[in-house]
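First up is the structure itself, then whatever we jot down about it.
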Amino acid sequence: MNNKARVAWVDVLKFLGIFAIYIGHFGNSAGKLYPFVFTYHVPMFFFAAGFFAPGKADEKFLTFAQKKTAQLLLPYVFFSLIALLVFTILNDWGFIDFREAFKSFILGIRNKVYAASLWFIPCLYIVVVIDYLFLVLFKSRVATYLLALLAYVASQTILPNNPVVNPSWIMNIDSAMYYYLYYVLGKAMFPLLKEQSLFFSECWLKKILILITVLFVLANYFNGSDWLIRIIGTVAPSLQTFKPLTEVIYIFTILVLIFGNILLAMLLQKISLLQKLGRETLIFCGTENIFKIVLTQLLVLVGLKINLANPLLTIIFSFLCLLLCNYFVVKFLSEYFPAYVGKIKQAQ
């Protein structure tokens, strides 16, 4: 199978990822889903991005970087300008507020960009381009795996600010050091994952693996992502604060949650609507904050107010946001501004 061919369950997996992000960004209104999805949804997007990452350098680095600039950085600039316009009018900003917001978009630092979800796009750009640069320099896929591991360790030990807690580098380079590991893990594991028969068969061992995965996911939902570390702490308290062990457990936890989503995506892969939504994650990511704000303002205009009184309403409203955004925003931008939203082939 050509790695660049469309894979239905991968599109559904991307839908599950963006759906989790939309739910999670409603905060406490999502109940237990709020901390649950925040455990894995960003790593899962980097993991999925690695599925179709090049395994060798077939073209010049500058050519590759230019393509990715058009596919990722140009949309980031485009979405940032739209967000800046909307926020300026919505909040009736003066020049100083406008300048500070503009500066935040230029720097692109997570938790500091006014349209919060936009940080992911430049971070993914850094990961993709750096990975290819390493392939060009070292001509070895294994070398990229080792470098990704070193970058992860450095992000958690050497950097003055942990990028997971307090990102501070321009274009999220520090966050890229952390998430690069999941990108190369996705690249490494995709050849195995795409053979669905390895997971869904009559073999009882595989059924047990799926059952264990489901139980592990449920344990994380009900008890939090650190439940395994807490159990270890009751047996050996000193191990609960032993960072190398806790990091390994945390990575393992994230990978199992991602695997659970992959199994679900494979089960739902024949639903064409979910495939379609999963193909538009770049636009959903780039317009999330803007769309939610405009939608709520339109409801205010007619005297209505959103009341996310419980997690079920949050799930329903998040899905409605994706549907409405797909019908109005995605269609409009894809038709009239394809080159600015990453649809290079369509623009040509």
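Cβ from N, Cα, C; glycine included.
Annotation comment: TrEMBL describes 7-27, 33-53, 73-96, 116-138, 145-164, 205-222, 248-268, 289-306, 312-330 as transmembrane segment. Taken from TrEMBL, the feature domain 'Acyltransferase 3' covers 8-325.
Sequence-distant contacts of the transmembrane segment (248-268) (same chain, at least 6 residues past either end, Cβ-Cβ under 8 Å): 9-10, 12-13, 15-17, 39-40, 43-44, 47, 181-182, 185, 193, 196, 199-200, 210, 213-214, 216-217, 220, 225-226, 228-229, 232, 274.
Beyond the transmembrane segment (145-164), the same-chain residues lying 6 or more positions past its ends with a Cβ under 8 Å from any Cβ of the stretch are 110, 131, 134, 138, 172, 174-178, 180-181, 183-184, 188, 243, 247. With a threshold of 8 Å between CB atoms, the same-chain residues lying at least 6 positions outside the transmembrane segment (73-96) that come near it are 102, 105, 108, 113-115, 118, 121-122, 125, 282-283, 286-287, 289-290, 293-294, 297, 337, 339-342.
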